[in-house]
Amino acid sequence: MSKEKFERTKPHVNVGTIGHVDHGKTTLTAAITTVLAKTYGGAARAFDQIDNAPEEKARGITINTSHVEYDTPTRHYAHVDCPGHADYVKNMITGAAQMDGAILVVAATDGPMPQTREHILLGRQVGVPYIIVFLNKCDMVDDEELLELVEMEVRELLSQYDFPGDDTPIVRGSALKALEGDAEWEAKIIELAGFLDSYIPEPERAIDKPFLLPIEDVFSISGRGTVVTGRVERGIIKVGEEVEIVGIKETQKSTCTGVEMFRKLLDEGRAGENVGVLLRGIKREEIERGQVLAKPGTIKPHTKFESEVYILSKDEGGRHTPFFKGYRPQFYFRTTDVTGTIELPEGVEMVMPGDNIKMVVTLIHPIAMDDGLRFAIREGGRTVGAGVVAKVLG
């Protein structure tokens, strides 16, 4: 089994299918695994294996998602597909399946439909950086002009939401015909895989990003100073480096004088590791859970932002009643709750359980944040919603 070992050295990229119901997302997912397995090796997955997606929980929300994997000669892909529209909304907002790029499936027989638009908008709001289009069911359209018209509509729609519509790769194919083994249409799946390789850049690994550690706990160690603990979210912290303590209070500077893990002293702490960081000249009471340690200048505290949120339905353990403007829940960021007020979009009077909505949030304390940060909405410790920072406002 030397092949397995070899795969690990390939860059790993996360993708997923998005688009309107019944436009062929799951069929395309099956076709990609089947055609690539046949061409480059790997395991094919049948349509029905993908379609009955298992339930998973992300931030207390139940989502049905199918995960498949496939390889091209240069990369390894993890691919998510969701059976229902609501699952997509939840998946994208919670970031349960973070996508480095998405394949937008549009049936040539229908053209763009309401969920096509909604998924593109969600992609923009939650920070899906790249979209490739698969124009499906092209075997059912004889009219070249009609295909060109649909293509133009899709490009315009992408441009409307700030994706580069004119430069977006569009593949004309038939997922069903490819799945049935028709060579002409199989070639279109290979073409799509080629665009995944060339159009979606290799994602930056967490370890290569600037250092950030959400503070979970603070201890005072007599004779040594103050230690904060938490899991390094990204980057590397080395002994002797300057750090900033950001959020809740005024930003403070300090120097890391020690890193420890499992009571052992280390030279550095890396993304994914649970560590204690010893800070010079900081008193125990000057720092608290909910702040972050970060590489100086890389993240700022903010109180106001535009967000895209999903409100849990009653069945999911959420609220039983709608809420209105002036609603003041807690927003849970990384390790702490902060109270905030909301502004609803113009013309929206109330939000029902099960809805997804754009809202502007103003927090009572600043939190270290960037666009794309995920949060939960809570009432008295119970999760009632999930959201993502679409745009920091102040």
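These residue numbers are counts, starting from 1, taken along the chain as shown.
From the backbone N, Cα and C atoms, a Cβ is placed for every residue, glycine too.
Remember, it's a predicted structure, so these values are computed and weren't measured experimentally.
For the domain 'tr-type G' (10-204), the model gives a mean pLDDT of 94. Marked as domain 'tr-type G' by Swiss-Prot: 10-204.
Under the heading region 'G1', Swiss-Prot lists 19-26, citing similarity to another entry as support. Note on the region 'G1' (19-26): residues 47, 50-51, 66, 81, 83-85, 104-107, 110, 112-116, 119, 136-137, 175-176 of its chain, located 6 or more positions outside it, place their CB under 8 angstroms from a CB of the stretch.
Cβ contacts within 10 Å of Cys138 (GTP binding site), excluding its own Cβ and spanning all protein chains shown: 21. Annotation comment: Swiss-Prot describes 19-26, 81-85, 136-139 as GTP binding site.
Listed in sequence order, Thr17, Phe47, Ile50, Asp51, Ser66, Asp81, Pro83 are the same-chain residues six or more apart from Thr26 (Mg(2+) binding site) with CB atoms under 8 A from its CB. Feature annotation from Swiss-Prot assigns Mg(2+) binding site to Thr26; the stated evidence is sequence analysis.
Residues or ranges marked as region 'G2' by Swiss-Prot: 60-64.
As annotated by Swiss-Prot, region 'G3' applies to 81-84, with the evidence given as similarity to another entry. A Cβ distance under 8 Å defines the sequence-distant neighbours of the region 'G3' (81-84), meaning residues of its chain 6+ beyond its ends; these are 16-17, 21, 25-26, 29, 50-53, 63-66, 68, 91.
Residues 23-24, 27-28, 105-109, 147, 172-177, 185 of the same chain lie 6+ residues outside the region 'G4' (136-139) yet bring a C-beta within less than 8 angstroms of a C-beta in it. For 136-139, the entry in Swiss-Prot reads region 'G4'.
Look at the region 'G1' (19-26): DSSP puts its residues at 2 helix, 1 strand, 5 coil. Counting residues of the region 'G2' (60-64) by DSSP class, helix then strand then coil, yields 0 helix, 4 strand, 1 coil. Here the region 'G3' (81-84) has, by DSSP, the following mix of helix, strand and coil residues: 0 helix, 1 strand, 3 coil. Over all protein chains present, the Cβ of Asp22 (GTP binding site) has 12 other Cβ atoms lying within 10 Å.
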